[in-house]
Structure formats: structure tokens, C-alpha cells
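What follows is a single structure, written as C-alpha cells, with notes after it.
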Amino acid sequence: MTIDPTGAKALLQKDCPREAGAGEADGVGTEVPDDLRFEDIFILEDIQGLQDAFAAAAKVASLITDPDGRPLTRPSNFTTLCQDIIRATAKGRADCLHSDQSLGKACLAGPFIGTCLSAGLLDGATSIHFGDRHIANWLVGQVLDETMDTEAIVAYGRSIGADETAFRRALDQVPRMSRERFAKICQALDRFARHISALALGNHQQAQRIRELRQTRDRLGIRDRNLADIIDFLPDPTLVLDEDGTVIFWNRALEKLTGVAAVDMLGKSDFAYGTAFYGSPTPLLVDYARGAVSRPDPRYAVTEIGADAIIAEVTLLSLPGGDRQVWGKAVALRDGTGRIIGGIETIRDVTERHQADTALRESEEKFRRIVETAHEGVLVLDGDFKATFANRRMADMLGYAPDDMLGRHFEDFVADDHLPLAREREARLRQGESGVFEHRLKTREGGGLWALVSASPLYDVSGASLGALGMFTDITDRKRIEEELANHRHRLEAEVEERTRDLRLQAMELAEANIRMSELDRLKSAFLSTVSHELRTPLTSILGFAKLIGRDFTEQFLPLASGQAALEARGRRIADNLSVVFHEAERLTRLINDVLDLSRIESGSMHWRDRRIAPLDVLRTAARSIAGLLAARPEIVFVFDATEQVPDLFMDPDQLIQVVSNLLQNAVKFTRTGEVRMTVRTDGEAVQIVVADSGIGIPESELESIFGKFHQVGRGDTLSDAAKGTGLGLAICGQIVRHYGGRIWATSRLGQGSAFHVRLPCLAQEEGPARIPDAAKCAETP
Ligand code: ADP
């Protein structure tokens, strides 16, 4: 509410802004002017409304008079009997006035009930006071007591000269009620009147106080009505004290903050206003500012203090809105001579700001901890690229204390050879370009280190450049390892180059050697074939003549020695020796043939007469070639086991015969008794020939080496001269089989037998249908 005493007229009372509490209406200390009349204090129209309403509700007549019985208001609810009949007569009017006067006198101490002098109707009254001065009476009545004798009233009507018929009719309309009910109405009226009296006095006192305030303000110079309004409407809670420490302003914002109305605080002094903040009278900042106390209350956190002014913050615990953090500023008010004439204090609720500050501080603290404990160095630069923040890691990295880095230009931290690069980065950052790059930095001691830098420009909320932020990771170790690796790689590359050079040289040498070897090989083959040819001619003669001499000797000369034991024995020895010459010459021929075959194959001069062949036909021919051998060895059974359909091969049939004959001869040669079996199978892709025997077997360690040249399994020479081999047969077999893309290998169990496997790839299907051998000829035994 405003504290403007000149505001609109309030109900009932002139010159008063509000209804005062009943307790204030005791008049103590209040000067009541003698000449003040009822109509000066109350608004008669308002009072009239109240009187009319009361009369209508209570069903009584009512009127307010001055202490002398003169009406102040218009009659309410008056009966026709009293108004128009009794008061119409002179006697009746005089009786009524007299009654009213005596009622007024009788009700000074409290409600009074009686009967009127005129018709004896029930009347009641109560008095209205202003302070201790009696200023009016409030009358009610014109009610017929139910127990009353109406004839006595009619008799009174006759006595004052009223028309009896009209009198009786009017009397019938007079309200009737019990005396008790009427008494209650009078009591209610009395309480009502007392309340109005108290109200009038309270408001008068208020008005008086406000007048005084106005005078005080006038003294303080706050005469300007606008200024008063300004203070009242200031958004910050504000109070003003005069030089005696009395509250002369308590604005709306302060009412809202404290929940205490201005009217209850205006005029309060002796630090009583502190109750609104602390629950008990307490000096405020303003009391310090105006010099009423020598030091501010210890609960204030003072941020600024001067001769006439003080700024502090404090937590208020007893405000209606709960705990609030407030900021207050108080200054002394001085008059033109410099004398203190009061003080003003403005308060600002900073709870939200405080909470926001606390949250911000906590958030900053959190981020500071994160930054401080970060493994990366963090450096913040201002617009001049000078350090404004460096975390511990950053400082450690460069050998500074964090504070030592502040204010230094970032170039202080850059290795000299990287300064041009750093300047280029700076220019880019200034253009708003972020980047991640590797940089060489310089420690405080001048040492160098490598860092991986992630740099970005910093802007304020308006987008203005604030500088830059950099995150630094020490990558010196990584760089060293990279360098070592690079060196290592270079060394390796050099070594590889050198080796490659050597290898190239060696390859060239090998190629040359190869050429020489090929030449030598060719020369060797040419030599061998020449030598073999030259050897074969005399050998043929030796063989022929040895055979001829042997036959002649045996047939012509040996019979001549018959009967002469010594000559006979000598003749047989000559025949045996001739036989040795013959066999050795035969063996030498085989050897020369084998050597010639092998050298032809190896030198590539072999003439392969390849053609489509039906393998079974060829194999049968090969089997027949050992028929003579088998005939001499009846203890050996030969089995030829062939599947019905064997695909064609594309090869020289003589070479196939040579391979298989060699294997069959070996099988017979190294088998005393038992079986030699040739098996022929196919899987569609190749023809597989196995020559197995039940002979002496081959040690496992020699299963591969027997395919080498001149390799013979070492065992006591138990073979006959005729069976002695050259050690070249299997080598030739291997060469032939490999020439046709096939494979040859041996399996064996010592003492139980051996098996030689030959696998030769078939002719592709599109090369023509295979000739299917005669089924009846399969599994035959020659
Ligand atoms: P050779 O003319 O000596 O038979 P080969 O090259 O044909 O020459 O055979 C080499 C050696 O392999 C033979 O001397 C023999 O020791 C061994 N060998 C070959 N076939 C058999 C076999 N069926 N049983 C046992 N040993 C064999």
C-alpha cells in the first residue's frame, strides 16, 4: 500500500488511508482535537449505508444523533406509527426527542435498553467515542415487546390526539419481538459502534504519523512527490532512516522481500526494523553508514567499506521465502552542511546469482581438475598469443612452474628451427583455422622436445577472437623410435641393395656357369655317344668272337681231351673263362646302351616317337619280353592284373616298354620264389601301373636313392653275372616317366617284397576316345 496520506478517502473516515487495528484505538499518546465532530471524522453517506443495512437486517428502526439528540443521519426503517402518527403530534415529537436524549445519556457506559416515553415501545442505544470524547449515539428501536398491553399504547395515542383508527392500523405493522432478542441486537450494535470508534481513532493516529513523516521528509529534502514514488517503485528493496534512526521509507520491494508492510515499519526506530530480517532488533548496514554503530554486525561479509558507505553480503535466514543470500549497500545522507541526516540502504536478492556463481565455480573447479590432471598439456593464449593459462602437465613438459609461463609469448616455447612453422600456424589460427600438427618445442633450459599439437582459435560469445587453445602431447619418445626405425630401415635398404647387387652378380656368374655347364654337358653327351659308338663296334667283335671261340673250343677241342684228366680240367677252365669274357662283354654292352640312353635323355637329343597308344597292348608286349627270364625261373609266378577299361596314353610305346621291362626284370632278378604281379588301374586322369614282387625288398632309407644314377643297394654280391645290373635302369625309368609328366616311386618291406608304382597322365578327353582293350585278355598269366 502507498504511504501517501493524501490518497483517496477510505470507507467511513476522512483523511485516513487504512483501517487501524482495534488495539491501537486506546487513544494513549494521541492528541484528540476538541473541536472534532462526528461528521468531520466519518463520511456520513458511508455511515448512513451501514445504518440502513443494520436496521434492515435486525428489523429495527435506527438513527445516529449527536450527544444532544440531534439527528446526524436520516432515519432508517422508521415505523409509520412513530414517523407519521406519533411524531406528527407536538406532544409525541417532544416525547420522542426526550426519549432519544435520555437514551444517549444512559448508554455512555455500554448498551442501554429501555422503553420510549411516547408509546412505550422497546428502544436501545450505544455511544460512539473518538478517544475519550463522546461524539454521537446510535439508536435502535420502535419494536413492540411481545408481552406488552397494546391497549395502553392505544390509550397513549388518544392522549396525544392521534386518530385512533390510523393509530391502531399503524400499531399492527410495528415489528414484534421478545425483549431478549432485542437485547442481543443492542449488544451487537454496541460492539459495532465500539469498533467504529476504535477504527476512527487508529486512522486518526495513522494520519498524524504520516503527517509527521511528511514533515521529516520535508526536512530531508525529499519533498518531491516523484522522488517518493521512485523510491517506492525501485526494483531493489530499499529503506530510508532519518537522523533519529526512524524508518521513513520502506518500499514495495522491501515489503515483498520481508513480508512486512510499510505501514507497520514506518516510524519504527531503535533497530526494530532489523526484526524483519533477523527476527529481533538488529542494526543494519544503514546504521553503520549513518554512524549509529561503530562496526557492522559480524554476520555481514563486507566487500567494501568507507566513511559513509558500506557494501556487504549476508544470508538471511528468517525471510518468508526461505533462506536468501542478499547484497546490501548503505550510504549516509547528509544535508548541505555535511551533517548526517539519515541513511539509505538498498538490498538485492542475489540468491539465484549466488547459486549460479556457485554452480559456475563448481563447474569451473571440475573442469580445472580435469585440465589439471589431464595427460595432455593445455595452453591458453590471449589475442597477442601470450599464455594466460597453462596446466601442470604443460608446465612440466617445458620445465616451467605454471605461473612462470603466464604472460610469455608462445614463441618462447617453440624450438628455433620451428619458429617459421609456428608463425605460419599462428596466422592460420588467426584466420579461424584449427589444426593438428607435430611441432618441436623448447624447454626452459633450451632442450628440445616433440609435441603433437591440437590447436583451435577461441572466441567469446559475441564471436570476437580471444586467442587460441592448444592441447600438447609429448611425442619425443615416439619420434625417437620413428627416427631409429627410419635409420634402421635405411641401413636395411642399403644392405638389401648390396645383397641384391651380390646376388645379381652371383646370378650372372651362375648363368655363365650354367652356360658353361650346358656346353660341357653337350660336349659330354657328344663325347659319350662318340665313345659309346666307338666302344660298341669292338665290343660286338669281342662278343661275336668270344661266342665263336667258346663254341669251337667246346665242340672241337674239348672232346680231344677226353680221358686225359689234367687236359680235361684245363679245357673246362678255358671254357669257363671264355664264358666270363662273354658275359662281361654283354654287361659292358648293356652299360654302354644305358649310358647312351641316359645321356640322350639328359642332353635332350632323345628322339621320342610319341603317339596315341592303348596301354594294355603295350604292357602285354613288355610282359612278353621277360618270358625267357621267367621260363628260366619256374619258381616264380607272374600275374598280369589289368582293369577292363584303360584310357589311351600319348607317348612313345618303346619307352613305356623300357620302363615296365626294367621293373619286371628287377622284380624277377630280386625274387627267389613267389610272385611277380603287374597291376594296371586308372582313376580317369591317369593310368597307374604297379609292379610288385615277393622278393628281398629294399631298405626304407634307400627307397629314393635307388632312382639315382649307378645306385645299387649294398648287399653281398649274391647275383649271378648274368643278373648283375648297371645301376642305371631306375634312373632311366625316372627320366622317361617325368618326361611324360608322370611320377614313379617305390614301396617295400625288407625280406617280403617291393612294389614300383608308375603314374602316367591320360590323354585329355577331347583328344579322342580311348581304345578299349579286349576284356577277355585282362588278368591273364603269360
Ligand atoms: P640294376 O641294373 O642294378 O638293377 P637298377 O637301377 O635297375 O639297376 O636298380 C638299382 C638297384 O635297385 C638294384 O641294383 C637293386 O639293388 C635295387 N632294386 C631294383 N629293383 C629291385 C627289386 N624289385 N627288389 C629289390 N631291389 C631292387
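Cβ atoms here come from the backbone N, Cα and C positions, even for glycine.
Feature annotations, courtesy of TrEMBL:
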type   : residues : note
DOMAIN : 223-269  : domain 'PAS'
DOMAIN : 310-362  : domain 'PAC'
DOMAIN : 363-433  : domain 'PAS'
DOMAIN : 435-487  : domain 'PAC'
DOMAIN : 530-764  : domain 'Histidine kinase'
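Using DSSP to sort the residues of the domain 'PAC' (435-487) gives these counts of helix, strand and coil: 12 helix, 30 strand, 11 coil. Applying DSSP to the domain 'PAS' (223-269) sorts its residues as follows: 20 helix, 9 strand, 18 coil.
Regional average pLDDT for the domain 'PAS' (363-433) in the model is 90. Broken down by DSSP into helix, strand and coil, the domain 'PAS' (363-433) contains 41 helix, 12 strand, 18 coil. With a cut-off of 8 Å on Cβ pairs spaced 6 or more residues apart, the domain 'PAC' (310-362) and the domain 'PAS' (223-269) reach 3 or more such pairs and are scored as touching. When DSSP labels each residue, the domain 'PAC' (310-362) comes out as 12 helix, 28 strand, 13 coil, counted as helix, strand and coil in that order.
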